[in-house]
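Let me give you the structure first, and then I'll get to my questions.
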Amino acid sequence: MENIVLGIIQGVTEWLPISSEGVLFIVKTNFFGATETTEIIKEALFLHLGTFFAALIYLRKDVIKILEVIFEYKQIHLDMNHGIISRLKFWAMSLFGEKLNRSSRKMFWFLFLTTLISGLIGIILLVLLGSAGDIIKTSGKLATAIVGILLLVTAFIQLKAKNTEGLRNAEDINSKDTLILGLMQGLAVLPGFSRSGFTISALLLRKFDNNFALKLSFLMSLPVVLAGNIGINLIGFSFTPDMLIQLLFSFIFGMLTIHVLLKFAHKVNFGYFVLVFGIITIIASLI
């Protein structure tokens, strides 16, 4: 029963403005008698593999388009015998190629750079602030509440304007977005900070389309979760066969939650979506 409950919690909360690790910690300590904080955190990180595969499979078309960029660059290196002409052809294609290809390139570099930025920030924060867990958790709740209020303000302004034109998409990603989102994702290593909550909120505040904001946040989780699980395996994480049940339910409910959220985002006006997300974020800060 414990494995099923933990899997469901991870599958649902991973994509909401709630710290999934925080919820899992509360459930493990209060209902299942867990006492080892470090082991609980490692298990929570491991459970992210379920939602990792959920996002990877659900967004497989987007992932394939982004990965094609890598092979595109690799092909240029394989064709180095053609010299400067080959390079000019490639950069001309990058600048004037199809809109879809430009979007994929921007997405690739955005994900690559935000992962580097968030990884660097995360490592620094863990080293400097590892002993201040309770203080950081309180700060995380306060920061989450502030983000929720900012979302409400944005929603009211958007609803008053009654204009959803000019919302941004992949083609509009710039260096400022990359820095902001890398920072937001880096903060998620701290207790009380929700990765999904902070990244989706930042994208909405940057006026990205609500459906695209969700997708991009989900895609941002993939390299981070993969790197995190490689890390916990390197430091000797103890795996048990029962955890496969956790992964299975994490995967199933992760897929269902992604589907529901994207359908909701697609049907709801941007202003109303930001309003609902802001309310959920404020509620999450009180939990």
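The backbone N, Cα and C atoms fix where each Cβ goes, glycine too.
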Quick one: which of 23-48, 179-204 does TrEMBL have down as transmembrane segment?
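Based on what TrEMBL states, transmembrane segment spans 179-204.
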Based on Cβ pairs under 8 Å, which of the stretches 108-130, 179-204, 243-262, 269-286 lies most in contact with the transmembrane segment (142-159)?
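Most Cβ pairs under 8 Å with the transmembrane segment (142-159) come from 269-286.
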Same chain only, please: residues at least 6 beyond the ends of the transmembrane segment (243-262) with a C-beta under 8 Å from a C-beta of the stretch. Say none if there are none.
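Tertiary neighbours of the transmembrane segment (243-262) are 3-4, 6-8, 10-12, 14-16, 43, 46-51, 53-55, 57-59, 211, 214-215, 218.
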